[in-house]
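Enquirer: Quick paste of what Swiss-Prot says about this protein:
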- 1-73: region 'RNA-binding and homodimerization' (REGION)
- 34-38: motif 'Nuclear localization signal' (MOTIF)
- 137-146: motif 'Nuclear export signal' (MOTIF)
- 180-215: region 'CPSF4-binding' (REGION)
- 205-237: region 'Disordered' (REGION)
- 217-237: compositional bias 'Basic residues' (COMPBIAS)
- 223-230: region 'PABPN1-binding' (REGION)
Amino acid sequence: MDSNTVSSFQVDCFLWHVRKQVVDQELGDAPFLDRLRRDQKSLRGRGSTLGLNIEAATRVGKQIVERILKEESDEALKMTIASAPASRYLTDMTIEELSRDWFMLMPKQKVEGPLCIRIDQAIMDKNIMLKANFSVIFDRLETLILLRAFTEEGAIVGEISPLPSLPGHTIEDVKNAIGVLIGGLEWNDNTVRVSKTLQRFAWGSSNENGRPPLTPKQKRKMARTVRSKVRRDKMAD
């Protein structure tokens with residue numbers, strides 16, 4: 001087994017332990033906790049593959065990090081921090097759109113993972129645009145702050161927001177929630193578009209028709225919805 005592979009795992013285990021202490025002291029935000037959860041799963045898998053005990057690896061990782069820090073100069077640390085990537089905050093919505101209260105005539109609420117989806121089922125035959133405010137790192141969506149669905153008249157008819165009780169979410173959580181919101185709005189013959197900014201950083205591309213590519217799971221779900229609606233329409237006739 002390559003020694004660098006082992007030492008990398010040991011250091012990762014110790015750094016995860018340090019980050020866990022930050023969360024335990026309630027000093028970490030939602031993206032921090034999200035990465036912590038994902039890295040925990042990754043470390044368990046790597047430990048199993050390498051045949052290494054995580055607790056023992058953490059202790060050795062601590063020794064490696066302490067040795068490096070003892071040799072690290074303040075100037076080198078400043079240069080490392082300066083070159084580290086920083087997340088950006090992107091805004092589709094204005095402050096007014098972000099903070100505006102809205103009401104639903106026929107409310108429907110669904111929890112999809114760590115995200116809450118709200119839809120006004122009374123809205124029919126409208127052109128709707130999905131806008132979002134979110135942070136980006138490495139040109140990918142990092143954390144969703146808030147997503148809202150707007151009619152051409154500016155009315156809010158849907159929303160996706162993180163659940164305070166379940167902090168942390170992945171980009172896949174966001175895309176799945178958007179698929180559910182689109183399906184719910186299209187049920188009532190609304191035409192839904194997604195902002196180019198959100199398409200670019202969530203899916204890595206933007207389509208002129210404003211529709212992001214759906215996952216196979218979302219396609220199957222929407223197909224079942226369409227078949228169910230067709231059967232209901234036939235029964236009504």
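From the backbone N, Cα and C atoms, a Cβ is placed for every residue, glycine too.
Thinking about packing and proximity, how do these listed features fit into the structure?
Expert: Mean pLDDT for the region 'RNA-binding and homodimerization' (1-73) in the predicted structure: 87.
Long-range Cβ contacts of the motif 'Nuclear export signal' (137-146) within its own chain (Cβ-Cβ under 8 Å, at least 6 residues beyond either end) map to 30-31, 34, 85-89, 93, 98, 115, 159-162, 169, 171, 174, 198, 201-202, 204.
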